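Visitor: So TrEMBL says this about it:
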- Trp17, Glu19, Asn21, Glu30: Ca(2+) binding site (BINDING)
- 31-49: transmembrane segment (TRANSMEM)
- 61-81: transmembrane segment (TRANSMEM)
- His78, His204, His208: Zn(2+) binding site (BINDING)
- 93-111: transmembrane segment (TRANSMEM)
- 118-137: transmembrane segment (TRANSMEM)
- 143-160: transmembrane segment (TRANSMEM)
- 172-190: transmembrane segment (TRANSMEM)
- 205-225: transmembrane segment (TRANSMEM)
Amino acid sequence: MENGLSSFWGPVTSTEWCEKNYVYSSYIAEFFNTISNVPGILLALIGLINALRQRFEKRFSVLHISNMVLGIGSMLYHATLQRMQQQGDETPMVWELLLYFYILYSPDWHYRSTMPTFLFFYGAGFAVVHALFRFGIGFKVHYVILCLLCIPRMYKYYIYTKDISAKRLAKLYLATLFLGSMCWLSDRLFCKEISLWYFNPQGHALWHVFMGFNSYFANTFLMFCRAQQRGWDPKVVHVLGVFPYVKIDKTKSQ
């Protein structure tokens, strides 16, 4: 990592990663960590188009948009390495998990207005507190806890889903989460050793790529499960036999 001074945005005021600053452009601090968000944004756009085209519930459109906002926020953060932009990356991360929490648990929630109201004020309160204070490790612990709260419900959806293609989406979700986490940890814990290598594998950039696919697989799996709940006869189909998305038939409901 560099000495903390940038050539355009001023002194670095955010967390840095294991990529040398301003190597390829005087306007982009961490080049690979910035452009690696593009696949996730494009995948979220594809998911949004599919959700709108097939008239899925608005919650999924909001979820895909939140993925895009998160990717854009991450690009701004890594391009500038400024504290404000880092908060613009981290706060949407929490908001996105609150959306996942709502989508996962709301079908069985008996008091429909209480959950969105609570999650809204929780997200707003976090945004205010996070703007005033720097959490560091506290943010990471908070984020991991929110992730762990979602996993039991994801597992329940998995075991109650009989469709093989849908189960494959869940497995791809787990695989990309595992691979991305390994890349993140390697970049964070072994930066000094990696910096001595002839070639830096850019673990944090790989984390962005894996998590872009991870979000897409998670969203597609949840869209399938929700369509099953609504009786929309969902099927996982593939573009060119490779890229998965959910196709529904609302005429068969009820």
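The count begins at 1 with the first shown residue.
Every residue gets a Cβ built from N, Cα and C, even glycine.
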Visitor: Below 8 angstroms Cβ to Cβ, which residues of this chain, lying six or more residues outside the transmembrane segment (61-81), approach it?
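Guide: Those are 6, 9, 12-14, 16-17, 21, 27-30, 33-35, 37-38, 40-41, 43-45, 47-48, 51-52, 88-89, 91-93, 95-96, 99-100, 103, 208, 212, 215-216, 219, 222, in sequence order.
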Visitor: About how far apart, in whole Å, are the alpha carbons (Cα) of His208 (Zn(2+) binding site) and Asn21 (Ca(2+) binding site)?
Guide: 18
Visitor: Residues of the same chain, at least six outside the transmembrane segment (118-137), with any C-beta under 8 angstroms of its C-beta?
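Guide: Contacts with the transmembrane segment (118-137): 83, 87, 90-91, 94-95, 98, 101-102.
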Visitor: What residues elsewhere in the chain lie close to the transmembrane segment (93-111), defined as a C-beta under 8 angstroms and at least 6 residues from its ends?
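Guide: That would be 59-60, 62-63, 66-67, 70, 119, 122-123, 126-127, 130, 142-143, 146-147, 149-150, 153-154, 157, 218, 222, 226, 229.
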Visitor: Taking just the CA atoms, what is the gap between Asn21 (Ca(2+) binding site) and His204 (Zn(2+) binding site) in Å?
Guide: 14
Visitor: Taking the Cβ of His204 (Zn(2+) binding site) as centre, how many other Cβ atoms lie within 10 Å?
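Guide: Step by step: centre on the Cβ of His204 (Zn(2+) binding site), count other Cβ atoms within 10 Å, giving 22.
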Visitor: For His208 (Zn(2+) binding site), list the number of other Cβ atoms lying within 10 Å of its Cβ atom.
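Guide: If we count other Cβ atoms within 10 Å of His208 (Zn(2+) binding site), we arrive at 25.
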Visitor: Fewest other CB within 10 angstroms, which one of the binding-site residues Trp17, His78?
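Guide: Each of the binding-site residues Trp17, His78 was scored by Cβ atoms within 10 Å; lowest is Trp17.
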Visitor: Cα-Cα separation of Glu19 (Ca(2+) binding site) and His204 (Zn(2+) binding site), in Å?
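Guide: Rounded to a whole number, the Cα-Cα distance is 9 Å.
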Visitor: From the Cα of Trp17 (Ca(2+) binding site) across to the Cα of His204 (Zn(2+) binding site), what is the distance in angstrom?
Guide: 7
Visitor: Looking only at Glu19, Glu30, which of these binding-site residues has the biggest number of Cβ atoms within 10 Å around its Cβ?
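Guide: Answer by Cβ density within 10 Å: Glu30.
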Visitor: I want the residues beyond His78, His204, His208 whose C-beta is within 8 angstroms of the mean position of the Zn(2+) site's C-beta atoms, in chain order.
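Guide: Neighbours within 8 Å of the Cβ centroid, excluding His78, His204, His208: Trp17, Glu19, Glu30, Phe32, Asn33, Thr34, Ser36, Asn37, Ser74, Ala205, Trp207.
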Visitor: State the Cα to Cα distance, in Å, between His78 (Zn(2+) binding site) and Glu30 (Ca(2+) binding site), rounded to an integer.
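Guide: Cα to Cα, His78 (Zn(2+) binding site) and Glu30 (Ca(2+) binding site) are separated by 5 Å.
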